[in-house]
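Features reported for this protein in Swiss-Prot:
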TRANSMEM  10-30  transmembrane segment
TRANSMEM  33-53  transmembrane segment
TRANSMEM  60-80  transmembrane segment
TRANSMEM  95-115  transmembrane segment
TRANSMEM  152-172  transmembrane segment
Amino acid sequence: MDLPGPIHEILVLFGGFVLLLGGLGVVLLTNPIYSAFSLGLVLVCISLFYFLLNSYFVAVAQLLIYVGAINVLIIFAVMFVNGSEWSKDKNYWTIGDGFTLLLCITIPFSLMTTIPDTSWYGILWTTRSNQIVEQGLINNVQQIGIHLATDFYLPFELISLILLVSLIGAITMARQ
């Protein structure tokens, strides 16, 4: 979006603050329905960041796929779980929880140090020069594919990882 500097900064700070609160709600709330709604809030805030970064296609895909489908599916699945199962477990911290916390702290820091130093266009198969030459020769669907493979490669891969984690979580819940 082409917003003035202060408004853009306020929206980024607001989105980040709401994103942090929603993430804490997903992890800390004991009621799984409230956690699922917090996850929906997190996904909407991520979509807001994509709008602010002028990647409207990824933002709309985030809203439609993750907020509209995945989060509704999670809420639907959680509503079938017996509510008494969640209130009986009073063992709050285990060794696995500590390992998971350590992993959840180290992965974002390693990503924050790795991603800015990586030249993403050197990794990708298509380059900017090929994209400019082919723009007049291809249709809109192929242009979307080229944009997903060049400009929006990292957000597209991160969204696919989020989908993978949600599918693993759904399978784990279904087995229990």
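Every residue, even glycine, has its Cβ placed from backbone N, Cα and C.
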Sort out the residues at least 6 away from either end of the transmembrane segment (152-172), same chain, that have Cβ-Cβ distances under 8 Å to it, and list them.
50, 55, 57-58, 61-62, 65-66, 70, 73-74, 77, 115, 120, 124
Under an 8 Å Cβ to Cβ limit, what residues of the same chain, 6 or more beyond the ends of the transmembrane segment (10-30), are close to it?
3, 37-39, 41-42, 45-46, 48-49, 52, 86-87
